[in-house]
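Accompanying notes for the structure given below.
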Amino acid sequence: MAAGTLYTYPENWRAFKALIAAQYSGAQVRVLSAPPHFHFGQTNRTPEFLRKFPAGKVPAFEGDDGFCVFESNAIAYYVSNEELRGSTPEAAAQVVQWVSFADSDIVPPASTWVFPTLGIMHHNKQATENAKEEVKRILGLLDTHLKTRTFLVGERVTLADITVVCTLLWLYKQVLEPSFRQAFPNTNRWFLTCINQPQFRAILGEVKLCEKMAQFDAKKFAESQPKKDTPRKEKGSREEKQKPQAERKEEKKAAAPAPEEEMDECEQALAAEPKAKDPFAHLPKSTFVLDEFKRKYSNEDTLSVALPYFWEHFDKDGWSLWYAEYRFPEELTQTFMSCNLITGMFQRLDKLRKNAFASVILFGTNNSSSISGVWVFRGQELAFPLSPDWQVDYESYTWRKLDPGSEETQTLVREYFSWEGTFQHVGKAVNQGKIFK
């Protein structure tokens, strides 16, 4: 089973393909998408990154065994299982057919139509109208194919469904309003069936379909464009004027700034996004440096080094401890699927890593398991309400604030951080644990 790290930027629909595939196959995929671990536009241009991934593109996957692969479809294929890839030569060929169709037929018109509504690309009326007609053709083609089928290939979800759904995602979210999509009931049924599968929801969350077709906003587009400073012209000195014309031209040529590197569509999307406000900016400075504890936890012995460091430096006024327990243990069946619930939550909380740490454990066996963990948050309240992006999963858990000075808390922190102990409050053996750091 594949295991490794996926480098990407936040909310990259191309990365969703591999992450959803991993939900089905059970592949263990860690995501690095935000500083300090990964800074898109910088990290992926470093010599170290380019040695592994010469194209400098993301998503890029580095296996725990050192195997490296880029291109989203290749990564999704690698982390999949036989069922997703197509269990017969004929099914496998059809999966490749739809994956190729998504890239060649869906991406171009979808980008032409959707990107201007996001302020990423300038609007061209004729190009947009052509793209709309092309999208109609594609949805109609899918509608005919799905008239007698639940999924694109065979009777179960495959990479074909995962890839095409992810490619259509922004169309359904941004421009396919009810009056436009109603002509394609079979495509809509299939799309809704897929996005409501637990494995899709674990990565995509709740997908809200477009209610009103988004339009190009010229002001938003103008604001998204990088502003260039125009140097002020100054009168040249007498000596400057006396220089030979050819010499002055050479100096100007030498002083001319290097042309800006052309941004790809993903970088343009990031540049277009307004800088997010730090949800924790209102809190006073704390003496507890979470990153330093994380380094101790990752590189030193937990019981003899990391835990003593934690309690010695923990700032109970600037940080808080919480115990979380999954509300619906009766719904947990296969342990690998239960583990994927934890992984999916961690992935959606990626931007919270700088201000949180957690150890979450899956206890028990198939059809008899539970999930609980200990969390460390900046501030005295739960962090999830501070950002809509963090609110997908937390209501599925009960949360209890812990007293850092109590013996119970000391025991919980020791057992959950080390994955060792009696866990008397659980009544089940440790199956496996996950660390959010």
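Heads up, the Cβ atoms here are built off N, Cα and C, so glycines get one too.
Helix first, then strand, then coil: DSSP counts for the domain 'GST N-terminal' (2-87) stand at 33 helix, 17 strand, 36 coil. Sequence annotations record features per position, and here Swiss-Prot assigns domain 'GST N-terminal' to 2-87.
The local packing around ALA2 (N-acetylalanine), expressed as other Cβ atoms within 10 Å of its Cβ over all shown chains, amounts to 22. The annotation N-acetylalanine is assigned in Swiss-Prot to ALA2 on the grounds of similarity to another entry.
Residues or ranges marked as domain 'GST C-terminal' in Swiss-Prot: 88-216. Helix, strand and coil content of the domain 'GST C-terminal' (88-216), in residues and according to DSSP, is 91 helix, 0 strand, 38 coil.
For LYS147 (N6-acetyllysine), the same-chain residues that are 6 or more apart in sequence and have a Cβ closer than 8 Å to its Cβ are ASN186. According to Swiss-Prot, the N6-acetyllysine annotation covers LYS147 (among others), on the basis of a large-scale study or a structure entry.
All chains included, 9 other C-beta atoms sit within 10 angstroms of the C-beta of LYS212 (N6-acetyllysine). Swiss-Prot lists LYS212 (among others) with the feature N6-acetyllysine.
As annotated by Swiss-Prot, region 'Disordered' applies to 221-268.
Under the heading compositional bias 'Basic and acidic residues', Swiss-Prot lists 221-254.
According to Swiss-Prot, the SUMO1 cross-link annotation covers LYS253, on the basis of similarity to another entry.
Marked as domain 'EF-1-gamma C-terminal' by Swiss-Prot on the basis of sequence analysis: 276-437.
Per Swiss-Prot, the feature SUMO2 cross-link maps to LYS285; the stated evidence is similarity to another entry. Listed in sequence order, GLY318 are the same-chain residues at least 6 apart in sequence whose CB falls under 8 Å from the CB of LYS285 (SUMO2 cross-link). DSSP classifies LYS285 (SUMO2 cross-link) as coil under the three-state reduction.
In the shown protein chains, 13 other C-beta atoms lie within 10 A of the C-beta of LYS401 (N6-acetyllysine). Feature annotation from Swiss-Prot assigns N6-acetyllysine to LYS401 (among others).
Annotation comment: Swiss-Prot describes LYS434 (among others) as N6-acetyllysine. LYS434 (N6-acetyllysine) counts 19 other C-beta atoms within 10 Å of its own C-beta, drawing on all protein chains shown. Classification of LYS434 (N6-acetyllysine) by DSSP places it within a strand.
Take the Cα of LYS434 (N6-acetyllysine) and measure to each of the modified residues ALA2, LYS212, LYS401: the nearest one is ALA2.
Model confidence over the domain 'EF-1-gamma C-terminal' (276-437) stands at 90, taken as the mean pLDDT rounded to a whole number.
LYS401 (N6-acetyllysine) sits 37 Å from ALA2 (N-acetylalanine), taking the CA atoms of both as reference points.
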